[in-house]
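Comments concern the structure below.
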């Protein structure tokens, strides 16, 4: 039976998390390993797919490992080629979502079909559509896509809905950066503005350390580690660890023995990275986040002094230099009351509760991050919906023809902020045809934009004279067709079945190993205690099972395992009965001996009393 719960998923660049509403509180669902976040890593090995911690652990030795795929969501034509097969970012993301769905179902004890998934506030339409496609491939109905900073504010504001506050959410994750300004009052979360950079995050901070290590090693040893894939993965792991360590200590030791080899033998990397040096290396990245903060405040028509609360979200906000910079820019001490790795998933779970009706009196009013419009005469970008407009929203405008007797108009839909169409991102094109012949400027063409609650765009063009209408739901240029999505859903399900089958086979082989071991032990214990025929029967069954195991014949293993199991159980019962009989015989002999001893004392009924008397005497002696 499917659960009516809607899980909240933070599909992150480096780590993901999932939460569910229990009672009135959102709760993180832990991974099978007990972790509270899932590394957004997928590995392929011999046709098997691994996701999460296990995939991340073997990344050094397995080149078929994919990480930070979120950076490529919505990217036209981008694919990763693994073991002779191409995968889109949607498919890789779907594998992560499928894994999350699986352990969430184990926790809830029900099938999970619905989810709220978060995206960076500055994700464009193509990236949002790709996220929805990934959910569909994973077998999840994405009930709502919400912006990550908005989700963080939901987690923060759940128990503070009686306050009127202006909140700045500074969200620096593994691969993306967002800043949003929200107003919270009477249970309404209204997003006033949003800004950011979808290609800036903790990965870039790691890269600065990696570059520093590579340059230093090259200067000392004349070896370029950036050309060595395995060394590079070790450097990445060491850089990430050093970055995390420097959030708590002033210097971090980096020790990588046998990182390479030179003419005189193995080479080792041993160095110390101080927090001061780290701050120097990454100062430009921290500074890069300042402009979006200023722009978001400007778009919300606020100054830093108008802010009541500053929330830091995303694991990279643990970096002390980031915290200091945000506090300096805003003049406010940042709020650390929420775990920055978990807030987004918790907020998504709250939104799930809003949708199911479990959370009352909370309304989320999100915004579109970029302006939307069409190309008009002269290649001009004419905006119909300005950025930071609250969604869902609808806007229409009447246009006309540019030439006499023009039979059709091309509707070129764009997203962006530049005045010329060529400088903005194309979302789609369609044509309205069969316009009756008329002088230029006479036909009335109504163009209407609709943005739904997920930020997905629908555009229509209607000839007011004939009522002829043409519509388009914007799919990104990298979006997948329904057929492609259906095929990927099918493949994902097939892989799920294959993975399940593979696990069952491994479990069966383990059971067979254990049974053969138990049989050998039982036969040894039964030596000389059962007939030769029974021993032969057991040995034959054991050998038949061993042969099936050696042949890797799954069906035979199942059948022979059941046969041997029955024989071993029967023998074990016999062994137990023999032990009981032997114990009974021994017990009888002991009773007779005790009875004879008592008779010699001339007592008729003193066996028990005799025992007690002896104990009492012992007590008296003490």
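Cβ coordinates are placed from backbone N, Cα and C, and glycine is handled just like the others.
Looking at 490-526, 527-563, the range tied to region 'Disordered' in Swiss-Prot is 527-563. Its Cβ placed at the centre, residue 176 (phosphothreonine) has 27 other Cβ atoms within 10 Å. Under DSSP, the residues of the region 'Disordered' (527-563) split into helix, strand and coil as follows: 29 helix, 0 strand, 8 coil. Among residues of the same chain six or more beyond the region 'Disordered' (527-563), those with a C-beta under 8 A of the stretch's C-beta atoms are 505, 508-509, 511-513, 515-516, 519-520, 571, 574-575, 578.
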